[in-house]
Each structure stands twice: as C-alpha cells, then as structure tokens.
C-alpha cells in the first residue's frame, strides 16, 4: 500500500487523558522491547518510551517520522524507521511485544503480517470494533487461522470521539497472546485448505456424507452456526484421519 493511501486512512489519538486510559489495559514493564506500528505524531510513542526498555516505531510517512523524533527529543531509548510495516522484516532472535493504532483499511494485512511473520509474544492493537468481533467469529477464515497461533481478547472499547479526524465507528483495544501453535508445521498447508473449504461451506470437498456426520458427532456439534475453535480443531483432526 502506498504512503498516500496510508495517510488518508489514519486517525490519531492525541489526548494524554485518553491515551492513559488505553495504556492501563496494556501490560508493559521497563524490560520490554516494543515495536510500534505507525508512530503517527508520537503521542503513544512518548508513553511507550517512558514505560519500556526500547521502542522501535515503524512509520511509512516521512513527515510523521520527523514529528515523532522531535516530540521525543529528550529520550534516547527509541528509533523511528521510515518503512512500510507490510515490507518490514521482524527480528527472529529477540523477545519483543508489538503495539499499534492501525489503519482500518489494511487491518487484515497487518494482523496477518505480525502473527505469521513476527515472533512477538504479546500484540496490542487498536482496531475497528466490527473487525475485532470478526476475529472471534469461527465462521471467518482469518479468525480460524489466527486462533491456531494466538489467543485473542477484546480488552476495552475505544470510542470514536477519542480520534481525529473522528471515524464513523468505535474501535477496540485487542490483545493477541502467542501460544504454541495448535497446528504442526507439516499440517499448515492442509489446515489452510481445510479452513477455506469449511468457511465456504464446500463440505463435500473435505468429507463424504458419512464422514461429515461422524465428525460432527465426535466434535459434539449440533449447530454449524455456533461452533467453538476446539470443535473446529476436532473436525480438522477427523479430516486428517480420513485423508492419511
């Protein structure tokens, strides 16, 4: 995505009072290293450097990089990188957390990037409220792919009045806690295929009629519109058994 489109999709939170309310829900300490997705005008960056060991802010807008650097002139535990987060290479040999107030229109791309291309153990994001709810919906492919790697929680509402320009909808602060992957490396491709066929209701491409009924019974599923992630994993495990 180009810089112009990113800039036009940005909504900033600048009130220290509102930022402090959001920060109370984020677990940080003086030993944490943080990657911030989009420093904006540096308001969250300033709070992060006061709480953490080191902050690396990744900002695509050159002018906002300079604004952030000027705002943090009295601090030396940070760097601002003028880069596109979707092209950024996260380190693989250090512990870190991620925070970001991310653009609505590339939320899916960003969340895929940081879950599958980073090793962050905790990820805090401000996202559109409807998007946050979709991340908990097992009828959505993105939710099913993410739930195999992270535990997803909605921590708090972020009212649209906090932002300028003010968006049309409210936002949420979400947390993604990394866990041991529920899908083995050798099964990743098979899992991705199963997810896509399942959410598109192409059941005949993954089960025979008898296999389907037996798998539902084994998973304890009575309603296809209301299944848990554990039940979905049970279906996938049945699929693997039938396709050895």
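For all residues, glycine too, the Cβ spot is worked out from N, Cα and C.
Listed in Swiss-Prot:
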BINDING   11, 13, 38, 59, 84, 101  S-adenosyl-L-methionine binding site
| query | Where does residue 59 (S-adenosyl-L-methionine binding site) sit by DSSP, helix, strand or coil? | reply | coil
| request: Measuring CB to CB from residue 59 (S-adenosyl-L-methionine binding site), give everything in the same chain under 8 Å that is also at least six residues away in sequence. | output: 38, 39, 40, 65, 68, 80, 81, 82, 83
| note | Once DSSP output is merged into helix, strand and coil, residue 38 (S-adenosyl-L-methionine binding site) belongs to coil
| What are the non-local neighbours of residue 101 (S-adenosyl-L-methionine binding site), defined as same-chain residues 6+ apart in sequence with CB under 8 A from its CB? | 11, 12, 13, 37, 38, 40, 44, 125, 126
| With every protein chain in view, how many other Cβ atoms are within 10 Å of the Cβ of residue 84 (S-adenosyl-L-methionine binding site)? | 14
